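S.K.: What TrEMBL records for this protein is below:
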TRANSMEM  B:6-25  transmembrane segment
TRANSMEM  B:37-58  transmembrane segment
TRANSMEM  B:64-84  transmembrane segment
TRANSMEM  B:96-115  transmembrane segment
TRANSMEM  B:135-161  transmembrane segment
TRANSMEM  B:192-211  transmembrane segment
TRANSMEM  B:217-236  transmembrane segment
TRANSMEM  B:243-260  transmembrane segment
TRANSMEM  B:266-287  transmembrane segment
């Protein structure tokens, strides 16, 4: 009979090996799924995980990886603070949309003036937009004890409606003869977030790297990081250590909201270019997978975002070359999260085989 | 705007229809949470149920089989959650989210060949005699069978939790799993059964969306209904009859919003469609939630 025995401390080996095992298991199950869909499993797996990096067209795909990974890193780093402290901000998608709307609105307000101050103002507006949207569930939890998971999620749907009304109304391009969507910010030199478009480099990539370093130092060296980790592991001990739980909730929500807002702004001012009904690509939800896959650790998140970007780009290649349905990639990403959660048991428990009936 | 175009009797009758999918999903989640498990994957199970129900109905030609298929599909997906959280002891919040993300993708994959097909109409079952009463008749007693089934499940769950021995065991497991374990009850078995019941109910709710409310298959057709169901469980303080009230409240907001859109209200459509979500937040703030089950969202591991 198989029995689980709790380890006194999490296994160091499995902390690192478990995500790798999860990736391998996902590849195996993914191959079975692709075979069931009538595709060659080996070719599909190679297309998704290998071609974007090392095929003859990788010069085109590698910058794309950077573009996909940057918003995921930004959002996931923000979420990791809250998730460590037991603050479940699930509405990053909404904060991302609001950051994009606010930032783009500032940029469009200045159109067509050129000034080096416009982009920094947009960055601030984007961060503030995401921050304000995240403060709603944060404040409601601290003041009224409402569940932040539900409130932040409801606000995603509100944000999507708001985005639709902005793309069709206030922010619509007046020169587009009635087509929905705003002016293209990527073609407005003072407002674009591109640094080098052909290399896939935009300010979001730079900010993502800064966020990783900032989060690493904060979590491992600063008292605030200690309070965050303590609150997650033992809320009672945290109270004795002098942590103000309400303030911690607000700070965690503020960090994740502002970073999600930034991600939205960089996306709308660069790769996406304009506010349209569906410019958001679900990064806010995928970032949740990234945060867990990276074990809520900044460096882990960096690697996880790279892997997730790989499945996105590889999935797009498989979609166009092998006619793999887009939903299959979503299923693959869901499976990855399932396997990761499943193999986590190895980190905290030891598996023992015992004779049946021994109790 | 022409408010006289809104017929209050039709409005109240369609309120009952609009509330049914949320009500079904919420009553399932209520049982799961009373057993001490927080399954945030309701949205994923609902949409999987929606697509399973639709596929079975189109292929078998029978909505009855469709609803059965939806319940099985929802329960099987819930079982994945159950094995992960109960046997492999994973974090319930994270696993529930994973279930939603996976369910949305999985449903989209299954439903690929079914976009644009219309579901067969499910005939209404007017209750004899009662449906002829003026005003009350058309509001309460002239619906399709699933509306009655939803209310019957609520009554059944209420009676089960309040009067049956098995209901008492389920509540004990939810309030204090260590004590229940010490008394010799199988905590994990009880929880797995509750999780599967929750999945089946969510599947039924999803199928009601794809077969009656919409009635066709589109990607993402649940549009947050599963999350609203979760909110209603908190609103209801984990009590079945209050859950009915909550579901009708939200059904009412949804229907009113749609009617105002149709009546040509001056507010843009995008703002009106926010109403159900904003109402959910408002209610969560105003209603002080009752006491949650004691062991909610905690993993159980029998150490020795």
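Each residue, glycine too, has its Cβ placed from N, Cα and C.
Annotations in TrEMBL come from automatic prediction, not curation.
Keep in mind it's a predicted model, so treat the numbers as computed, not measured.
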S.K.: Which range wins on Cβ pairs under 8 Å with the transmembrane segment (B:266-287): B:37-58, B:64-84, B:96-115, B:217-236, B:243-260?
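M.R.: Looking at each of B:37-58, B:64-84, B:96-115, B:217-236, B:243-260 in turn, the most contacts to the transmembrane segment (B:266-287) are made by B:243-260.
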S.K.: How about long-range neighbours of the transmembrane segment (B:135-161): same chain, 6 or more residues beyond its ends, C-beta under 8 Å?
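M.R.: Those are 9-10, 12-13, 16-17, 20, 23-24, 27, 30-31, 34, 67, 122-127, 167, 170-171, 201, 204, 208, 212, 240-241, 243-244, in sequence order.
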S.K.: Looking at B:37-58, B:64-84, B:96-115, B:217-236, B:243-260, which one has the highest count of Cβ pairs under 8 angstroms to the transmembrane segment (B:6-25)?
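M.R.: It is B:243-260 that shares the most Cβ pairs under 8 Å with the transmembrane segment (B:6-25).
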S.K.: Out of B:37-58, B:64-84, B:96-115, B:192-211, B:243-260, which stretch has the largest tally of CB pairs under 8 angstroms to the transmembrane segment (B:217-236)?
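M.R.: Highest pair count goes to B:37-58.
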S.K.: Report the listed stretch (B:37-58, B:64-84, B:96-115, B:243-260) having the maximum count of Cβ pairs within less than 8 Å of the transmembrane segment (B:192-211).
M.R.: B:64-84
S.K.: As a test: from B:37-58, B:96-115, B:243-260, pick the stretch that has the greatest number of Cβ pairs under 8 Å with the transmembrane segment (B:64-84).
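M.R.: By Cβ pairs under 8 Å, B:37-58 leads among B:37-58, B:96-115, B:243-260.
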S.K.: Are there residues at least 6 beyond the ends of the transmembrane segment (B:243-260) whose Cβ is under 8 Å from a Cβ of it, and what are they?
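M.R.: Sequence-distant neighbours of the transmembrane segment (B:243-260): 6, 11, 14-20, 22-23, 26-27, 30, 151, 154, 228, 232-233, 235-236, 267, 272-273, 275-276, 279-280, 283.
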